[in-house]
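The block underneath contains the structure these notes are about, expressed in structure tokens.
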Amino acid sequence: MQNIYLISEKEAKKLLKELADKIERYNHAYYIENNHLVSDAEYDQLFNTNLKLEQKFPHLILENSPSKKVGAKIANKFAKVTHQAPMLSLSNVFDEQDVKDFVDRIKNFLRLNEFAPIFCEPKIDGLSFSAIYKNGLLTIGATRGDGYIGEDMTANIKTIKNFPHKINNAPEFLEVRGEIYIEKQDFFNLNKEQEEQGRDKFANPRNAAAGSLRQLDSSVTAKRPLKYFVYSGGATEQNIASSQNELLKKLKEFGFRVNEISKLADSEEEIFAFYEYLKTNRENLSYEIDGVVYKLNDFALQNRMGFIARAPRFATAHKFPAIVGQTKLLSITVQVGRTGTLTPVAELEPIEIGGVTVSRATLHNFQEIIRKDVRIRDYVFLQRAGDVIPQIIGVDIGKRSTDATTFNTPLFCPSCNSKLHYIPEDIIIRCDNVLNCPAQNYERIRHFVSKNAMDIEGLGRKQVEFLIDKGLISNPLDIFLLKEKNEASLTKLENMDGWGRKSVENLFKNIEESRNVSLPRFIYALGIRHIGEQNAKLLAREFESYNNFISQIELLSKNDSNIYQKLNNLEGIGDKILVDIINFFDVKENIELIKKLGEVLNIEDYKETKEHSSLTGKIVVFTGSLPTTSRVEAKAMAEKLGAKVAVSVSSNTDLVIAGVDAGSKLKKAKELGIKIIDEEEWLTIVNNV
């Protein structure tokens, strides 16, 4: 990444936009899908780069800046819960100087002459929750969500062993906040059970805890070994205590589990000593921690310090450095993904890092192998920092043997033997044999049945692989014909290895239930490159119904310029994504598959809660800087009133709202004779509606 102190304003503007998009994607994966896309260290580096750029160019801060947000927007499976007080994130520090700066900021802000006691406690690597008690009874349990609105998990939280359903001598209203987690040994046992049952293994204990809690069926959660600690009283903590250490004593009296490993530090030296103690002993703990949390102990002083957009000023998290180990690289295998992208994976001599046995590590892409000069039979340095797959960060050249061999970048697909396509701008190699590559087909079906797509439980990796190998399915449509095919077959599925009557009955039941699917989930399930859940929702909002969707994409496949322009105007669908959409529907087999799926599924029309107004169905464009309203707020207003917000002006545009320094869009609107108004007129329309 460029030196931010030498970066120009133009470059900074572009980079801030890229960082906001990237961090939003990682946040959604982490908080909603319970999935790490990047290491904690890489995420922190991106976030800190964003902060430093904003400090240098404060006038470039975006409305959707990561520094203003916590978590990610919640999914639609669970009821929404508005938090009494925001569940904010914590800022991070990484070394002693950062900690000293944190302490100095407290002193300077409060104008203190001496050290203010700091409460230190382990940072549990789990899932944050809030629990509300009214008259001593647990009434609401919720996840953090986006920090302001979480998901109602009351029934599931009640299944956690020893979680109080009723507390004595409690105030009329009480909130507690904490972390739900799974211990290391329980995680190992759970993954062993998942593997034996042919289900996907969890990537790490946090992922397992989050996935276990976010179950629609609370009986599934009840079977998972979830534990919890509380560390905060949320909106009510200052009603029952005057400091953090006093609060934890009180919560313990109420019957909650609090972490006994903590320290009230009276000096910087005591802070550093506690940090070193935990860093040294973390592997001896039964649960995962990834740092130490420091909080100003006195609540009155906390009140004076207050908050910034996404975090309190009075607290921070001192992250541990990534755990590094060394082992031998035995070979490099190549995986082919759903969209044909090839990824190199290092096969390693097993090594234990941070209590987890590691035998594989990502090499990201083939350029990385060349850049790091990684060779087969090298001794490599391995880093694990909460990653789904640990990373190779370097090679011990001093240990390189004469039989270490260079890895040759493949020219042909390891699955179908097709010639590969190198895409320099994306630093990727891709197999373009979309229809006949077995690996791509397998990954496409896996994506189709996944939780956020068709959500067909009972079709894990092993089951999909088995059904493909036996010739029982070869595409998503076959899944819905499987029961009929099984009934007509002499060799029943329930009599095959790994199956039984009950598991087959459950599978067919789950397949049947999945036939009712929303349009956004259906579009996402198709596996179009670069169409994640958010973009699938954008397309569903545009097409509104399955019938309209299929008719429009058929026109798009015939190069209809109106459909192209309509999609190109959608905010969030750029040129690159539009090319991927066109490429997908250029394949006639894809359109035929979608038509056949439409015959066996009940695809629900897209419905979005919006007010009916004179703007309903109108296409509006904002251009220039609005004097009193942010672009994000203006867009939200328009969409709430039923309008569609486009990013460019065309003959389909109904209204242009022009602000200060409006440029080419305003000019084009005048040329096309489109109605143009200023912000004042726009707000009048909104207020009248």
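Cβ coordinates are placed from backbone N, Cα and C, and glycine is handled just like the others.
Keep in mind it's a predicted model, so treat the numbers as computed, not measured.
What Swiss-Prot lists as NAD(+) binding site is D40, A41, E42, Y43, D44, S89, L90, E121, R144, E179, K295, K319. Residues or ranges marked as active site, N6-AMP-lysine intermediate by Swiss-Prot on the basis of sequence analysis: K123. What Swiss-Prot records for C413, C416, C431, C437 is Zn(2+) binding site, and it gives sequence analysis as the kind of evidence. The domain 'BRCT' annotation in Swiss-Prot covers 610-689, and the record cites sequence analysis as its basis.
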Within 10 Å of C413 (Zn(2+) binding site) (Cα-Cα), which of the recorded positions E42, L90, K123, R144, K295? none
Looking at the binding-site residues C413, C437, which one has the fewest other Cβ atoms within 10 Å of its own Cβ? C437
Summary of DSSP states over the domain 'BRCT' (610-689), given as helix, strand and coil counts: 29 helix, 17 strand, 34 coil
C-alpha spacing of L90 (NAD(+) binding site) relative to the residue listed as 'active site, N6-AMP-lysine intermediate', in angstrom: 11
About how far apart, in whole Å, are the alpha carbons (Cα) of C437 (Zn(2+) binding site) and L90 (NAD(+) binding site)? 45
Other than C413, C416, C431, C437, which residues of the same chain sit close to Zn(2+)? List them in sequence order, counting a residue when its Cβ is within 8 Å of the Cβ centroid of the site. V336, G340, P414, S415, N417, S418, L420, N433, N436, P438, A439, Q440
Cβ neighbour count (within 10 Å, all chains shown) around E42 (NAD(+) binding site): 16
List the Cα distance (Å, whole number) between R144 (NAD(+) binding site) and C431 (Zn(2+) binding site). 40
Using Cα positions only, nearest of the binding-site residues to C431 (Zn(2+) binding site) (E42, D44, L90, K295): E42
Measuring CA to CA, name the entry from the binding-site residues E42, D44, L90, K295 that ends up nearest C416 (Zn(2+) binding site). E42
So if I draw a 10 Å sphere around the Cβ of K295 (NAD(+) binding site), how many other Cβ atoms end up inside it? 22
For the binding-site residues listed here (L90, C431), which one has the lowest count of neighbouring CB atoms within 10 Å of its own CB? L90
Among the recorded positions listed here, K123, R144, which has the most company in the form of other Cβ atoms within 10 Å of its Cβ? R144
Please work out the number of neighbouring Cβ atoms within 10 Å of the Cβ of D44 (NAD(+) binding site), leaving out its own Cβ. 16
Predicted model, mean pLDDT over the domain 'BRCT' (610-689): 83
Which state, by DSSP, holds K295 (NAD(+) binding site): helix, strand or coil? strand
